[in-house]
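K.L.:
Okay, here's the structure, questions in a sec.
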Amino acid sequence: MTASATSTEGQEAASTSGFWGLTLGSIGVVFGDIGTSPLYAFREAAHGAAHGEPVSRMIVLGVLSLILWSLFIVVTAKYVLLLLRADNNGEGGTLSLMALGQRALGRRSMFLMSLGVIGASMFIGDSMITPAISVLSAVEGLKLAAPALEHYVVPLTVFILVVLFAVQSKGTARVATAFGPVMVLWFASLAVMGIVHITDDPSVLAAINPYYAVQFLLSHGTIGLVTLGAVFLAVTGGEALYADLGHFGRKPIQSAWLFFVLPSLLINYFGQGALVLSDPAAIENSFYRMVPELLLLPLVVLATAATVIASQAVITGAYSLVSQAVQLGLLPRFEVRYTSESHAGQIYLPRVNRLLLIGVMLLVLLFRTSSNLASAYGIAVSTTMVADGIMGFVVIWKLWNLRAAVAAAIIVPFVIVDLSFFSANLLKLFEGAWVPLLFGAAMAVTIWTWRRGSAILVLKTRKIEVPLDDLIGSLEKRPPHIVKGTAVFLTSDPTSVPTALLHNLKHNKVLHEHNVILTIETAQTPRVDVSERVRMEKISEKFSKVRLRFGFMESPNVPRALAVARKLGWQFDIMSTSFFVSRRSLKPSSQSGMPSWQDHLFIALSRSANDATDYFQIPTGRVVEVGTQVTI
């Protein structure tokens, strides 16, 4: 055997092991939410269909058929086979899809921006419900194992969730390696439990025929629509497949879903159906009734571990989404802490963590059971799925270069299905669906206020700013005292004089040897190639313009990026460089163009924003802050 042949075989083996490693990782992270749905989805759907009456055979077959075809259409066809191909430089998710759509159109679209904001806001609302309903439904198994422990279900759930949120600041890199094996054990258990009961009554497999789904909806009227809202619980988490695209890649996610996760879920749902056909009373908790009493406690422990992993994935997703929103200018700069030196994506946002914890605690204490929480679950996810579908149309039409009619033929059937689920979930508005809508609306108002206030602030400051070329010309005619070193002035408008530069000249009456007007931009792509990171333009002997570009999923590190400028001829030395940053103190104005409440909200958001020094990772010892007062 030649050396080249040996090398090729080694590369193929490494590639294969890498693929299976990513597949295992995706099982542990991507499918946690949808993978824990069997705990409550079939039970809630059958309960809703029976409407207080005994569960009949036609109800069981109808519900199973609806679940099966919902998983086929919404998750498999729409997300796994279609939208996973709509990646933004390898990344997925609502905001990535929004940015991809903007890029496809070649301009900023307020419609796409609104869809992206709505989808992202509803994801945050869903991020509060998923941990609450998942962990609560798992711990409820204790009521069957030991009825005397029923009063401890809520306190134990609260304890588990508090611990989960408390350890976020420590990072999850160490324990994340166990997520894959635990979830593999979970899905394997789902399949085994289902097989045992399906063999008792194989006739339940008749529900594979879509006739039972259609017949159920046609014959049950409004109750059928209510049931559809409960059936949707089986597909919640499907949007996470797309959001985690950048972490694992399309093929590992597709393989894990098609060959392991989907079969395990379907087998378990059909097993629950077979159990209820033989024992209608089992519908009270059809999942835990699938195992003998001896295995009940181990199953509760495994289910709790699976729901904690599912919750962790959702929490991490919320951090990532908010971080992207900050980079895209949709939210103020939140404090971001990096919990792993080797994984840049391992981040922790203290404020987001606190808000999620408060929301989750309120949900658990107010609703107290997973059945009650099920009424609140679904509306946020269905809203996000509708938004994804519409934005997906733009990408298929403009980026994939298909005719509008062809793109519509592909995506409209999915949007119709999504709208059907959205309508069904709206029926639960007063039973609890208002909760995620309230959370999502609060998030959307926050984003809208920040965008609107920031735009007004830019317009007001531009009116009083001095053109940079005019100042340079004036300084050349009457030069001030020159001091050694480099001054870097951060600004959003490179054509105007940064406020910090004006204040430095006014109060200190000095100018540095080298002055850099630094602008930081966020691209519509997740990451920016190093070769495109820095653009430098020398505009006079003492002044240069530098533009730094970062992707919306990157952590902006200004000193590291400026080091790249050495290749462009700038001998950057951090120890001889001072960074001048403006800190604005905002005051409300009756002429701002916004309502008074929005003025005050924008000012509060601005005050809560993290320091530019920390956010851009500039050494504090090299920073000079200049305060200015602005009336908006």
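The backbone N, Cα and C atoms fix where each Cβ goes, and this holds for glycine too.
In case it helps, Swiss-Prot gives these features for our protein:
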type     : residues : note
TRANSMEM : 19-39    : transmembrane segment
TRANSMEM : 58-78    : transmembrane segment
TRANSMEM : 110-130  : transmembrane segment
TRANSMEM : 147-167  : transmembrane segment
TRANSMEM : 178-198  : transmembrane segment
TRANSMEM : 216-236  : transmembrane segment
TRANSMEM : 257-277  : transmembrane segment
TRANSMEM : 290-310  : transmembrane segment
TRANSMEM : 347-367  : transmembrane segment
TRANSMEM : 377-397  : transmembrane segment
TRANSMEM : 404-424  : transmembrane segment
TRANSMEM : 429-449  : transmembrane segment
K.L.:
Decide whether the stretches the transmembrane segment (178-198) and the transmembrane segment (290-310) have at least 3 CB pairs under 8 angstroms, with pairs required to be 6 or more apart in sequence.
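P.N.:
They do touch: at least three Cβ pairs between the two stretches lie under 8 Å.
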K.L.:
Quick one: do the transmembrane segment (19-39) and the transmembrane segment (377-397) have at least 3 Cβ pairs under 8 Å, skipping pairs fewer than 6 apart in sequence?
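P.N.:
These two stretches do not touch.
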K.L.:
Near the transmembrane segment (404-424), which same-chain residues lie under 8 Å Cβ to Cβ, leaving out any that are not at least 6 residues past its ends?
P.N.:
70, 73-74, 77-78, 82, 225-229, 232, 235, 378-379, 382-383, 385-386, 389-390, 392-393, 396-397
K.L.:
Using a Cβ cut-off under 8 Å, which residues of the same chain at least 6 positions beyond either end of the transmembrane segment (377-397) come close to it?
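P.N.:
Beyond its ends, the transmembrane segment (377-397) has Cβ neighbours at 74, 78, 82-83, 86, 94, 97-98, 100-101, 104-105, 112, 115-116, 118-119, 122-123, 125-126, 129-130, 133, 229, 232-233, 235-239, 242, 403-404, 407-408, 410-412, 414-415, 418-419, 421-422, 425-426, 428-429, 433, 436-437, 439-440.
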K.L.:
Which range out of 58-78, 147-167, 290-310, 347-367 gives the transmembrane segment (257-277) the most CB pairs under 8 Å?
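P.N.:
Against the transmembrane segment (257-277), the leading stretch is 58-78.
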K.L.:
By a Cβ-Cβ criterion of under 8 Å, what residues six or more beyond either terminus of the transmembrane segment (58-78) are in contact with it?
P.N.:
34, 41-42, 45-46, 49-50, 204, 206-213, 215-217, 220, 227-228, 231-232, 234-235, 238, 241, 257-258, 262, 265-266, 269-270, 273, 276-277, 385, 389, 414, 417-418, 421
K.L.:
Cβ pairs under 8 Å only, please: of the recorded stretches 110-130, 216-236, 347-367, which one is richest in them relative to the transmembrane segment (147-167)?
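P.N.:
Result: 347-367.
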K.L.:
Which residues, given as numbers and ranges, are at least 6 beyond the ends of the transmembrane segment (290-310) yet have a Cβ under 8 Å from it?
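P.N.:
Distant Cβ neighbours of the transmembrane segment (290-310) are 28-29, 32-33, 35-36, 39, 130-131, 134-135, 137-139, 141-142, 144-145, 160, 164, 179, 182-183, 185-186, 189, 193-194, 196-197, 237, 268, 271-272, 275.
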